[in-house]
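These features come from TrEMBL:
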TRANSMEM  87-105  transmembrane segment
TRANSMEM  114-134  transmembrane segment
TRANSMEM  140-161  transmembrane segment
TRANSMEM  198-219  transmembrane segment
TRANSMEM  231-251  transmembrane segment
TRANSMEM  317-335  transmembrane segment
TRANSMEM  342-361  transmembrane segment
TRANSMEM  373-390  transmembrane segment
TRANSMEM  397-424  transmembrane segment
TRANSMEM  465-488  transmembrane segment
Amino acid sequence: MTKFKFSHILVLASALVLLSLIIRGRPVDFKDGQTIYNTSPTGPYELSNSIARYIFTKTIVTRQDIFLTYREAKLSAPDVVKFNGRYFSIFPPGVSFLSIPLYMIGSAFQLPQLFAYLTTTLFALLNFYLIYWLSRRLGLSVWAGLLASWVFLFATNALVYANTFTQHHLSTAITLVGLHLIFTKLHFWHLILLGLVTGLGLITDVPNLILISPILIYGFSRSFQEPKLNILKWTGFLVGVIPFLLFFLWYNRTLTGSFFRVPQFVGRVSDSEFAAVKVNPEPTSTPSPKKGLSLPYKPRNFPQGLYVLLFSRERSWFYYSPLMIIGIIGLAMALKQPKIRPIAQISASIITLSLASYAMFGDPWGGWSFGPRYLIPASAITSIFVGIALERYHRNYYFTVLFFIGLIYSVYVSSLGALTSAAIPPKQEARLLPDPIPYTYKYNQNLLSQSQVGSAIYNLYLGRFIPATTFHLIFTVLALICPVYFVLARWKANSHETKHS
């Protein structure tokens, strides 16, 4: 038992060390109480959706308001709405509100941005644990569960977004907690927690409701199959979700004048609204408020969107993290096992809905981003089934070799983005820039060769001693040590079992 606990502590410590190395910051980002909003590549404000959410958090704390001043709106552009002469953030308030405690702690140390962004990092660590827990509930060994967690955090673009101020890791945590809850004994308190998770998903990102809908449908269907789980217990779910729903309705009503019109459906401000619009913008084609409620999903976009998300070099899931192919194989295997088939079916439904909804979305590229950022929750679930595939085929030499090739490549690519920039333009935008730049992670390789690194520890302490390329190599090797150890430990266990059989 002592060895088991020590191994967990060692793995967690390794993850913490690596995550500390990707915390963004340059000397300019730590001046004047972090009030210099430098949006150049590799910095904490390079993504417009990060700085817009951060400015909103600052507004809530410093002015106790949800409307933005002209200056705040200008800093947040283009992710800003102007309605009835007033400015407000286009994003749901979940991330900004949850980061308030850490923002206030950071303000005491003149580091509000650094601490606020750690909210995302903490959710990334929570996801690491949740994936391990789910893996163990599926019957995987300790090593396979830890490997699945490690694959998600360090071999997908989840690493790149672990220190941005975006919704992806929070949305992932919401989905994983929902999966945990629905496959437990659904007592009244569990259903309250499920309601809280659903409500939090609503105020974090509206598409979260689509992703967790298979969880809710399956849970409700159990009410008709299990005598002890009656419909009345679902009042617990209502107790959990209603406070968030009321808050969401109030928030919409205050900003847009309607309970059911969310800011995203009003439309962004035009580029001419401000004298200077931030670089690395999100797409600006959103519905006009005069047209009423209009969902951003268009079936005719599906073929191109699916190509972008699965096969293109711009954002392909398999191009940026080919280990997800092994995860799909593991999912197919799980669907054939009666004992874990229900959770595999729910997982497959979530992954399919994620792909389908964002393939039909007007912007499957995710603006200026690194890899398929919308698929981070799907990557978390798929990583669990990477563990299942390895449990089955870890004795197969050729499969293990292919796994390690995919692992090395995936970790290399993810660490490249985490240490440099998460802002890669879509192909059509990259070619129209005055000075065109690559639209794949080749852009990150160029930044690295120019010693443009986002790591605060590197920029403040290590940059004077080692080249940026060496720093990236060291990070990649460190990120590979744990998964290699997991597999070797399993081989050793197999050898021991064979000798005593």
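Heads up, residue numbers simply count up from 1 along the chain you see.
Cβ atoms here come from the backbone N, Cα and C positions, even for glycine.
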Criterion met for the transmembrane segment (87-105) and the transmembrane segment (397-424) (at least three Cβ pairs under 8 Å) | no
CB contact flag for the transmembrane segment (231-251) and the transmembrane segment (317-335), at least three pairs under 8 A = no
Top Cβ-contact partner of the transmembrane segment (397-424) among 114-134, 198-219, 317-335, 342-361 (pairs under 8 Å) = 317-335
Is it the case that the transmembrane segment (317-335) and the transmembrane segment (114-134) have 3 or more CB pairs under 8 Å, with pairs at least 6 apart in sequence?
-> no
Closest-packing stretch to the transmembrane segment (342-361), where packing means Cβ pairs under 8 Å, from 114-134, 140-161, 198-219 = 198-219
